[in-house]
Amino acid sequence: LGSSPSSLHTEPVPSPPGLGQMAADEGCYGSIERSFQARRVSAAAPPRTPEPLVVHGALTLVFVFFGGGSFVSKFGIRGASPLMFELVREALVGPLFCIAAKAMNGRVIPDACDVPRILSVGLCFALAQGCFFLGLKHENPTVGSTWQAALPICTALLAYAVGQETMSFKKLSGIVLASGGAMWMTIGALIAVHGPVASSGGDSWLDRVDGHALFFVQCSCNAMYIVRSKPIVSKYGGISLSAWMFLTGTAIMLASVFAVRANRGLSMFACADNREDVMMSCAEALMQIPASMIWPLAYEVVCCSLIAWWLLTWSLQHAQASMVSVYTVVQPCTTCILSVMAICVKGKEWAQRYDIDVPGLHSLLGGGLILVGLWVMLAEDVASKSAGGKQRPHRAGESRAKGP
């Protein structure tokens with residue numbers, strides 16, 4: 001929230017002896033910090049923390065589900081609006097998370113001082129989801145999942161920019177390598193379009209650029225979501241945060257659907273397809289829910305939303321933001337395996353109808369550079385921990401940095 005005005009400052013909780021006195025303008029998150037410290041001192045037993053293996057397993061499962069979602073959602077949005085797909089998903093999931101939060105004695109209504117940050121995090125969430133499903137309209141799911149490997153890079157840069165993490169030479173090298181991989185994927189896609197793809201009547205170079213640009217914006221918004229949601233999830237828990245994210249996303253997505261419907265050009269962009277008849281029918285029935293959307297929606301609601309998003313927000317309480325995002329490398333692996341299996345079972349002609357293919361050479365090389373960059377960053381993190389130089393995670397409200 002930055003430096004909070006005095007009108008947002010709540011009644012201070014007396015600090016236990018030995019904890020020191022925090023600054024007077026800490027605002028909402030300063031009060032959170034004091035209450036956390038008071039509970040730690042007064043508690044008879046230390047708070048129970050999950051085993052590291054449990055946290056790592058949860059993060060792996062999260063991105064396995066997300067990888068499956070990238071593949072399955074391609075069927076749900078063919079001939080239908082991806083924004084309508086996402087609107088229905090968020091409208092179904094938000095109330096379910098509210099019911100779960102109430103049943104588990106969680107908070108359904110946040111404190112007033114937290115509302116601005118919650119709204120900003122919700123905006124990041126909605127933009128990320130909207131850009132991802134729009135990107136699937138312009139690119140195949142394997143490329144979309146491969147782009148998710150750039151999330152740790154965006155997260156590390158953002159965390160460094162707001163003072164949550166430090167920057168070293170190795171980490172910077174990893175960022176350069178991974179960024180180069182992302183650029184190579186985009187350049188390779190353009191070269192492919194001007195080669196065999198262009199001669200066979202495939203997508204234009206602009207369609208390819210649109211897909212990569214949307215995935216880049218999605219990764220950036222997801223990084224902002226991870227960094228900015230840390231204080232909220234620490235205070236309220238993963239279920240309450242998930243409920244507010246999906247409710248906020250529902251409102252934003254509803255406004256987006258009406259805005260796209262009112263503009264013919266935006267409608268055609270949202271309904272992009274290799275076949276013009278499919279694209280035209282989608283644009284004419286922008287707010288309809290076809291039968292082909294039901295099963296992909298069911299997977300997105302149950303696996304990617306109720307399970308994966310809750311596990312992701314829960315994991316944010318027990319792992320650093322940059323380390324959470326490292327597990328995104330699981331997502332493209334899952335999508336690639338599912339794509340290869342589908343092509344082997346259904347054949348190439350069926351796969352081309354849904355724009356599903358195995359990654360090309362440019363995607364493999366770009367993804368390889370991203371993985372090397374991630375390995376350099378992970379090795380730096382492990383080395384710093386072994387040397388006893390692990391940085392204490394920053395909480396919003398401390399004097400060193402207030403957060404974004």
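Even glycines carry a Cβ here, placed using N, Cα and C.
Keep in mind that what you see is a predicted model, and the values were worked out from it rather than measured.
Per TrEMBL, these features apply:
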- 61-186: domain 'EamA' (DOMAIN)
- 1-20: region 'Disordered' (REGION)
- 53-72: transmembrane segment (TRANSMEM)
- 118-136: transmembrane segment (TRANSMEM)
- 142-163: transmembrane segment (TRANSMEM)
- 175-197: transmembrane segment (TRANSMEM)
- 239-260: transmembrane segment (TRANSMEM)
- 293-312: transmembrane segment (TRANSMEM)
- 324-343: transmembrane segment (TRANSMEM)
- 363-383: transmembrane segment (TRANSMEM)
TODO: Answer yes if the transmembrane segment (293-312) and the transmembrane segment (142-163) have at least three CB pairs under 8 Å among residue pairs 6 or more apart in sequence, and no otherwise.
DONE: no
- [ ] Verify whether three or more Cβ pairs under 8 angstroms connect the transmembrane segment (53-72) with the transmembrane segment (324-343), leaving out any pair fewer than 6 apart in sequence.
- [x] yes
Open item on the list: Should anything in the same chain at least six residues away from the transmembrane segment (118-136) have a Cβ under 8 Å from its Cβ atoms, list it; otherwise answer none.
Closed with: 70, 73-74, 77, 82-83, 85-86, 90, 110, 144, 147, 210-212, 214-215, 217-219, 221-222, 224-225, 228-229, 232, 241, 244-249, 252-253, 256, 269-270
TODO: Write out how many residues of the domain 'EamA' (61-186) are helix, how many strand and how many coil, based on DSSP.
DONE: 104 helix, 0 strand, 22 coil
